Amino acid sequence: MASFNTLDDLDAEQRVLVRLDLNSPVEDGEVQDNRRFERHASTVSELVDHNHRVVLMAHQGRPGDDDFVSLEQHADILAGHVGTDVQFVADTYGDEAMAAIDALEPGEILLLENVRMVDDELPEESPVEKSETEFVQTLAPKFDAYVNDAYSAAHRRHASLVGFPLVLPAYAGRVMETEYEANSSIATREFDGQVTMVVGGTKATDVIGVMDAIGEKVDQFLVGGIAGELFLRAEGYPVGTDVGDMDLFDEQWENNQDVIEDVLDRRADQVRLPVDLAYENDDGDRAEVSVERIDEKETGYLDVGTETVEGYAPTVHESEAVFVKGALGMFEDERFADGTVGVLEAIAETDCFSVVGGGDTSRAIEMYGLDEDDFSHVSIAGGAYIRALTGEPLPVVEVLEQQAKEN
Ligand SMILES: Nc1ncnc2c1ncn2[C@@H]1O[C@H](COP(=O)(O)OP(=O)(O)O)[C@@H](O)[C@H]1O
Ligand SMILES: O=C(OP(=O)(O)O)[C@H](O)COP(=O)(O)O
């Protein structure tokens, strides 16, 4: 259990400054609705119900990137989820923002402009240095309290995340609370039975790091995606290499070969690898091949095969807890969704404690008609989830805990 203050500790009718993480995919300039809006909307609604004046801060993209855009569209999308108007001001702590904050009535919501447009926001510095910036020093006096709900950005030491809690009474929002409890549980909870981790996706470096860090806590790793092929390569199979213009394997192999070999060496009986793989045949259909029958990699393998799923599912059924990081195949293409969906269905069928993380992987749940309620927790965090799994501290959580202890 984290020992930070939560909304349960916050008195009603305050002027509250809230940090959300509404960072979203942007396609052709259009911000895409996603789980982050829906989740944060419940925190915002709760604050509105308690008659607070609610001022929201968030970021979008990184300076220089195409998705580094204004939060104007975010205000409309969030309003749709909250069911109440969300005002927007194209300013963060200048005169325009200050006037909009002053004009706010109890129960009203105002979203400030993208905090990454403020020079003081981004350089990673200590919370004390961040709290001394002009941004924090100018904005904070307008408020009685600060709420941080941005769990998925909790690994960053930015002004809006770690500066304000040093100068205002600080509370964790509901998303922060829920994400923290669920995602940290692999490190902090003792489960009675078997703990299983499903790892896949394209960012093999991340999941291999998790396997290395958390091997003591996990009984079985069910591996697929790019990591699956890299582990097969380490076992001597002629896969896990780039073919054509693919660049998913060779660089990650060079960066992780030692760790993979070490994990296999120390944890051979914990690591389960695909026994068959799926690819697109000349007719454009899904075809499968046993890994034993591959002589040379000539095509991209886009999913684990049927026999692999049939082998993984019983392990899931026997588990007390299952954590997922990364998809077992390229599930966005229906032909290559069997591995990911098969394992998610197996998890949904059981009443084990389950966490599904990773922005891309969790999209498979709605894409294939699975019910989010059949999982204990579907995380909206990527990098922060990885850190929670490996037990690495999150600066935002540390600051919230520190403030709770001192005040
Ligand atoms: N064999 C594969 N070849 C290509 N892409 C794959 C393969 N297996 C999984 N993927 C892709 O991995 C993506 C998810 O991986 P990743 O971005 O690392 O995870 P997340 O964002 O969920 O943490 C999915 O979009 C899926 O298409
Ligand atoms: O989307 C985010 O992280 P994620 O891609 O790890 O889920 C957060 O908003 C953090 O964004 P950043 O990685 O640009 O600091």
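Residue 1 is the first one shown; counting continues down the chain.
Note that Cβ sites are derived from N, Cα and C of the backbone, with glycine treated the same way.
What TrEMBL says about this one:
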type    : residues                                                               : note
BINDING : Asp21, Leu22, Asn23, Arg36, His59, Gln60, Gly61, Arg62, Arg116, Arg156 : substrate binding site
BINDING : Arg36, Arg116, Arg156                                                  : (2R)-3-phosphoglycerate binding site
BINDING : Glu332, Gly358, Gly359, Asp360, Thr361                                 : ATP binding site
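Annotated features, which come from TrEMBL, shown on the structure.
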residue: Asp21; record: substrate binding site; contacts (Cβ under 8 Å, 6+ apart): Arg36, His40, Ala58, His59, Asp149, Ala150, Tyr151, Ser152, Ala153, Ile380
residue: Asn23; record: substrate binding site; contacts (Cβ under 8 Å, 6+ apart): Arg36, Ala58, His59, Gln60, Gly61, Ser152, Ala153
residue: Arg156; record: (2R)-3-phosphoglycerate binding site; contacts (Cβ under 8 Å, 6+ apart): Glu124, Pro395, Val396
residue: Glu332; record: ATP binding site; contacts (Cβ under 8 Å, 6+ apart): Met367
residue: Gly358; record: ATP binding site; contacts (Cβ under 8 Å, 6+ apart): Gly201, Val324, Lys325, Gly326, Ala327, Ser379, Gly382, Tyr385
residue: Gly359; record: ATP binding site; contacts (Cβ under 8 Å, 6+ apart): Asn34, Ile380, Gly382
residue: Asp360; record: ATP binding site; contacts (Cβ under 8 Å, 6+ apart): Gly201, Ala327
residue: Thr361; record: ATP binding site; contacts (Cβ under 8 Å, 6+ apart): Gly200, Gly201, Val324, Lys325, Gly326, Ala327, Thr340
Relative to the Cβ position of Arg116 (substrate binding site), how many further Cβ atoms are located within 10 Å?
19
Secondary structure of His59 (substrate binding site) (DSSP, helix/strand/coil):
coil
Hey, what's the Cβ neighbour count for Gly61 (substrate binding site) at 10 Å?
15
Where does Thr361 (ATP binding site) sit in DSSP terms: helix, strand, or coil?
helix
Contacting binding-site residues, sequence order - Asp21, Asn23, Arg36, Asp360 vs ligand 2, Cβ under 6 Å:
Asp21, Asn23
Determine, for the (2R)-3-phosphoglycerate site, the additional residues of the same chain whose CB lies within 8 Å of the mean position of the CB atoms of Arg36, Arg116, Arg156; present them in sequence order.
Asp21, Leu22, Asn23, Ala58, His59, Gln60, Val115, Ala150, Ser152, Ala153, His158
